[in-house]
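Asker: Okay, so Swiss-Prot annotates it like this:
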- 1-30: region 'Disordered' (REGION)
- Gly68, Pro69, Asn70, Gly71, Ser72, Gly73, Lys74, Ser75: ATP binding site (BINDING)
- Ser98: phosphoserine (MOD_RES)
- 225-546: coiled coil (COILED)
- Lys336: N6-acetyllysine (MOD_RES)
- 568-682: domain 'SMC hinge' (DOMAIN)
- Lys634: N6-acetyllysine (MOD_RES)
- 721-975: coiled coil (COILED)
- Ser937: phosphoserine (MOD_RES)
- Ser1011: phosphoserine (MOD_RES)
- 1062-1090: coiled coil (COILED)
Amino acid sequence: LETPGEEVDNRSLEEILSSIPPPPPPAMASEAGAPRLMITHIVNQNFKSCAGEKILGPFHKRFSCIIGPNGSGKSNVIDSMLFVFGYRAQKIRSKKLSVLIHNSDEHKDIQSCTVEVHFQKIIDKEGDDYEVIPNSNFCVSRTAYRDNTSVYHISGKKRTFKDVGNLLRSHGIDLDHNRFLILQGEVEQIAMMKPKGQTEHDEGMLEYLEDIIGCGRLNEPIKVLCRRVEILNENRGEKLNRVKMVEKEKDAVEGEKNIAIEFLTLEKEMFKKKNHVCQYYIYDLQKRIDEMKTQKEKIHEDTKEITEKSNMLSNEMKAKNSAVKDIEKKLHKATKFIEENKEKFRQLDLEDVQVREKLKHATSKAKKLEKQLQKDKEKVEELKSIPAKSKTIINETTTKSSSLEKEKEKEEKKLKEVMDSLKQETQGLQKEKEDQEKELMGFNKSVNEARSKMEVAQSELDIYLSRHNTAVSQLSKAKETLITASETLKERKAAIGEINTKLPQTQQELKEKEKELQKLTQEEINLKSLVHDLFQKVEEAKSSLAMNRSRGKVLDAIIQEKKSGRIPGIYGRLGDLGAIDEKYDIAISSCCHALDYIVVDSIDTAQECVNFLKRHNIGVATFIGLDKMTVWAKKMAKIQTPENTPRLFDLVKAKNEEIRQAFYFALRDTLVADNLDQATRVAYQKDRRWRVVTLQGQIIEQSGTMTGGGSKVMRGRMGSSVIVEISEEEVNKMESQLQKHSKQARRIQEQKVQHEERVVKLRHSEREMRNTLEKFAASIQGLSDQEEYLTVQIKELEANVLTTAPDKKKQKLLEENVSAFKKEYDAVAEKAGKVEAEVKRLHDTIIEINNRKLKAQQNKLDMINKQLDECASAITKAQVAIKTADRNLIKAQDSVVRTEKEIKDTEKETNDLKAELKAIEDKAEEVIKKTNAAEESLPEIQKEHRNLLQELKVIQENEHALQKDALSIKLKLEQIDGHIAEHNSKIKYWQKEISKIKLHPIEDNPVETVSVLSPEDLEAIKNPDSITNQIAILEAQCHEMKPNLGAIAEYKKKEELYLQRVAELDKITSERDNFRQAYEDLRKQRLNEFMAGFYIITNKLKENYQMLTLGGDAELELVDSLDPFSEGIMFSVRPPKKSWKKIFNLSGGEKTLSSLALVFALHHYKPTPLYFMDEIDAALDFKNVSIVAFYIYEQTKNAQFIIISLRNNMFEISDRLIGIYKTYNITKSVAVNPKEIASKGLC
């Protein structure tokens, strides 16, 4: 339902809707007389080019211009305001804050700078007058220090940047989008934004307008609600499927439930009768047991005399056994002494071998060390000769390097002479080039003047024709829009009709293809399962055939005799007649040598096989006769083992019970352990020793000896499945069947892929048709309204074209004036072009002369430098060789000393080993003497032991005679006990049968208990067989029914689950509908808010651009007219007398005018009290500068504009001039009121 890592907003609908903020209120009213914010003055203290305290202002309430020469510090005024408003140092054209502190020759080591911006709220009055709102004055300041830290103050109190930002935003200063701020070169970028941001964090025209209009606050809630609706739809679909599935399962079980209830009714009657019969049998058996117990008490009286005689013989037996134990201890002690001495001798023998090996190794080592000493001495002599050779190389190379240095000085002098000669050669060409460049500068001045006259004449003509051209353009555009709307309306109505026809057909075909795809999928699963099983069988058959072929010649000959029928009783090799898990392969291969024995039916068959092998001289083999294996049948039962370790025999799977007996003969009670530690624990138990093998093939015998292990282990002597005799023809037949089904599976898979592709296409087509149908149906009404509106608008525009028609005579006069100026411009431009071409030719000639003569001499000098580098490298290598030889000589001498020491140590070791060998030989001689003495005294002890055993045998024979009599009596008792036990067993059986009887509840009826009959009732039963017959009839009826008793509980469970699933579906459906309605309402609210603001802004933009360009046109277009948020907003402009263009294709001046028109339109929609603009008129000609200046002065009377400008058309119209000038590296300012000066006649 949700992608991994996705965070889903799980808030309730009420919480999501309540978290949406209300539409932002306007920062200030656009009506006259409304209060607004203005800057009174700015105080700079040691900020950038200002030293000490400098006051800028006072600023006018409407239009102030900052003027001054380049480099005087005009832009620092903007920087000071940016500094206070919290911008980073890089935005203020500095790398860090400390750079903002003033630094000049007169003022050094200043530790801080401060900027204060003073604000007040006013109400405009007539002219330049205004009323200050009481207590509205406040001052925001920021101080930066040398350590790049800064602090903020509001009206003298220390505050954080967040407090400053909140205060300025509350008064309408847009710090988030910087609409109040247009820096140098940034005016064009406003209108050049992309229609829509390309990424989540990118901002395009759509996002820019959304933030201003205020509907951007709805974006996140819409996304949250959309995602929640998607998740709820997916959850609801899942719940609906579950309801349908449970309902289907419930209906399917109902029939079986009814049969089960009928069955339980019959079973209840049968159990009641069975209960009566079982109680009768228990009662009858108990009577017989009581009679046998009386008989048993009489026999016990006859056993007392035999018991007394047995006790006497038992005491005598104990005495003799004690004597036997004493003599056995003495015998054991003598035997143990002999064994210990033999073991000592074996140990000494082993030590003797080890010492002799060490002695041999020491002798060999001494010879090797002698050879190594000789090599080390030769190496010392070689290293002593290296320094002399290296010094000879250094002397020769140093001499060669000195001669090359002298040659280098000569070549460098030659290079300098060549360079001096080139300078004199090109002197005349340089003079001629400078004269031509001076002439070109004069021509350029004439070209600029001619171009200016031509553009002024063209502007006058454009202004005169602008109203008529605008009217004609609007009429043409309205007609084109009407045609487009009518055609679109007609096309969409036709498309709706076509979709309504095709959609049902597509849906029907999709259902059919989905059914066929489901059928093919099931068929593919079945075929793949069949192919997989066949493949395994073929592989097993091939493996069996290969194993049969790889048998030895003896086994092969015996099997051949079996197949021919000459010796019919042969089964085969024992390992091939059984199977074991691959985990135990190594264990059984290591511990069971009998796996290669050949199994036959009898000893006679085995003898026939032996005779056959001898007769044909094939070899020998060991045989197992199954007729002799029956003795092991009783021991094959499961046994209790230490730590429940598995018995290897129990893990073997054999063909039949007879073969299992042969495997027990081969394995007996051998256990298999995981590792050697467990095997050791299991093998040595107190009461018994076990034969144990590990999974790694290590074996512990019952005697305690351990074998196996090592790097090579035995494996593969027994397979994981019983080998079946199979012919090559059968294998071929199975392979043919496998190929047939594999081919069929591939064909089904290809059909499935084709159907899947078709289903995907049909689903996509159905979805596309549904989306298109919804989209077209929604747009029909809008297109109809647009068609009616445009018909009325065209009539109005046709009347407007007639009223704005120009005077033909005046138009012709202006056009002739433009043509005359153009001819004058073309003539001057042609002369300037010829002079410019001559300057380029002279420049190229000078460059070519320099390159030709300088190259050869430079190559000679480079070759000498290369040889000097090679000499230096050779000297360095020789010096390194001298140093290395000294170090290596010390190492070689150390090696000689070390080798001589090792030779001495080896001689000492050899002597020590010879002495040790002599000591071992002496100890061995003493051990042999002690062993011989003990063996001489052993026969006398053994004779005494045999006499005691003979006496013990006589006592045992007497005891056996008594035991025979006791056994006869015991057998009688056991016979009686056997009958009693048998009757008790039958009683337990019938009691168990009664305990099994449980009367099941039928539907909601209470559970009945089983009745207990009294002795009188049981005696009254004369014929239990008739009840048994009735039970048999009822059992037959029940057996024929074959009900599913679980169907009752399953039906109840399904019914409960069905009701639960329906309740869950209703709940999630209601929740989904609420979220979907809220989602649609928010989308409509966002669209309505955006389009209301958008129409106001685009209409004002059109009006502003027409006014600024005197006839041009501009508008904000929806890229997708049906959904403004899908593709964004495109800014299109039609400059005067030009076609419609995208903003990116305009000239610099046209982009500036377009951007300013948009800025003033946004100001009209959402007024901002302050605007700071830095040289926004840089790309405009004098006419457009005047138009922009008059517009600012006349149309924006409800805001304060502070503009940096160098164009007199701009600053002469302003209400207040702030002059900036710099003397002695310090910026100063002066405020002038132009109107006041003009009124006094001072200008």
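Even glycines carry a Cβ here, placed using N, Cα and C.
As the structure is a computational prediction, the values presented were derived from the model and not from experiment.
Neighbours and distances for these, please.
Answerer: Secondary structure at Ser72 (ATP binding site), as computed by DSSP, is coil.
Taking a C-beta cut-off of under 8 Å and a sequence gap of six or more, Ser98 (phosphoserine) has these contacts in its own chain: Ala144, Tyr145, Arg146, Asp147, Asn148.
All chains included, 11 other C-beta atoms sit within 10 angstroms of the C-beta of Lys336 (N6-acetyllysine).
Sequence-distant contacts of Lys634 (N6-acetyllysine), defined by Cβ-Cβ distance under 8 angstroms and a gap of at least six in the same chain, do not exist. Taken residue by residue with DSSP, Lys634 (N6-acetyllysine) is part of a helix.
Every protein chain considered, the tally of other Cβ atoms within 10 Å of the Cβ of Ser937 (phosphoserine) stands at 10.
Applying an 8 A CB threshold to same-chain residues 6+ apart, the list for Ser1011 (phosphoserine) reads Lys272, Asn275.
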Asker: Given the recorded ATP site (Gly68, Pro69, Asn70, Gly71, Ser72, Gly73, Lys74, Ser75), which additional residues of the same chain have their Cβ within 8 Å of the Cβ centre, ordered by sequence?
Answerer: Ile1220, Lys1222, Thr1227
Asker: What three-state class does DSSP give Lys336 (N6-acetyllysine)?
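Answerer: Going by the DSSP assignment, Lys336 (N6-acetyllysine) falls within a helical segment, counted as helix.
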Asker: Looking at the binding-site residues Asn70, Ser72, Ser75, which one has the fewest other Cβ atoms within 10 Å of its own Cβ?
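Answerer: If we count Cβ atoms within 10 Å for the binding-site residues Asn70, Ser72, Ser75, the smallest count is at Asn70.
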Asker: Would you list the DSSP helix, strand and coil counts for the residues of the domain 'SMC hinge' (568-682)?
Answerer: 66 helix, 18 strand, 31 coil
Asker: Compile a sequence-ordered list of residues in the same chain as Lys74 (ATP binding site), six or more apart from it, whose Cβ lies below 8 A from its Cβ; state 'none' when nothing qualifies.
Answerer: Ile66, Ile67, Gly68, Asp1174, Ile1204, Ile1220
Asker: Hey, which of the binding-site residues Gly68, Gly71, Gly73 is the loneliest by Cβ count within 10 Å?
Answerer: Gly71
Asker: Could you measure between Asn70 (ATP binding site) and Lys336 (N6-acetyllysine) for me? Cα positions, answer in whole angstrom.
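Answerer: With distance taken Cα to Cα, Lys336 (N6-acetyllysine) is 121 Å from Asn70 (ATP binding site).
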Asker: Nearest by CA distance to Lys336 (N6-acetyllysine): which of the recorded positions is it, out of Pro69, Gly71, Gly73, Ser75, Ser937?
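Answerer: Smallest Cα separation from Lys336 (N6-acetyllysine) among Pro69, Gly71, Gly73, Ser75, Ser937: Ser937.
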Asker: Taking just the CA atoms, what is the gap between Gly73 (ATP binding site) and Ser937 (phosphoserine) in Å?
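Answerer: Gly73 (ATP binding site) to Ser937 (phosphoserine), Cα-Cα distance: 130 Å.
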Asker: Given Ser937 (phosphoserine) and Pro69 (ATP binding site), what distance in Å do their CA atoms have, once rounded to a whole number?
Answerer: 136
Asker: Compile a sequence-ordered list of residues in the same chain as Pro69 (ATP binding site), six or more apart from it, whose Cβ lies below 8 A from its Cβ; state 'none' when nothing qualifies.
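Answerer: When sequence neighbours closer than 6 are ignored, Pro69 (ATP binding site) has Tyr1221 within Cβ distance under 8 Å.
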